[in-house]
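**Student:** Got a structure for you, questions after.
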Amino acid sequence: MAVTAVLAALIREKNQLKTISDPLVFKLLTDLKEQRRDAGKSKHSVGQQNLNTIMYETLKYLSKMPCSRQSPEIVKEFLGTMTHHKLTKAEKLQLLNHRPQTAVEIQLMVEESEERLSEEQIEELIQNVADVLPGDPEEKNVAAAADAEMDGGGEQS
């Protein structure tokens, strides 16, 4: 039954696949995993084992991505900050899913960004993404250690 709920979330009224964000996929699969654990379902069929493998591999991948730290509130705030940037839904989804940190990444995700966005707008976009979407905690620790090392090295000179 839970698989039906996931499929229903993915399908639109006219049987078209709906584009959904990585945070939503992560939440749906995490909820499905919990429901299956609570129901105590065991691995019966080959199809069930395949589904379990797909869920496991997808959750393993997504848990390493920024989406694992993005709540619905963060997604809503992000979409709010993106309203004045005049981006398509697909471009916003790309930014949300990949959390770009450089102008090159923005150029890969925003079609014709060179014509549509100035350098200042690209920098503002990168700053909005960094401010709203949580990054990798390990990246912050590495950056802080590098900053501390640079500060310490500068004092010795």
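Note: Cβ is positioned from N, Cα and C throughout, glycine not excepted.
Curation does not apply to TrEMBL; its annotations are automatic.
The following feature annotations were taken from TrEMBL:
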| type | residues | note |
| --- | --- | --- |
| COMPBIAS | 148-157 | compositional bias 'Acidic residues' |
| DOMAIN | 11-136 | domain 'RNA polymerase Rpb4/RPC9 core' |
| REGION | 134-157 | region 'Disordered' |
**Student:** Just to be sure I understand, if DSSP states are collapsed into helix, strand and coil, how many residues of the domain 'RNA polymerase Rpb4/RPC9 core' (11-136) fall in each?
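**Tutor:** Across the domain 'RNA polymerase Rpb4/RPC9 core' (11-136), the residues distribute as 87 helix, 2 strand, 37 coil.
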**Student:** Between 0 and 100, where does the mean pLDDT of the domain 'RNA polymerase Rpb4/RPC9 core' (11-136) sit?
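**Tutor:** Averaged over the domain 'RNA polymerase Rpb4/RPC9 core' (11-136), per-residue pLDDT gives 84.
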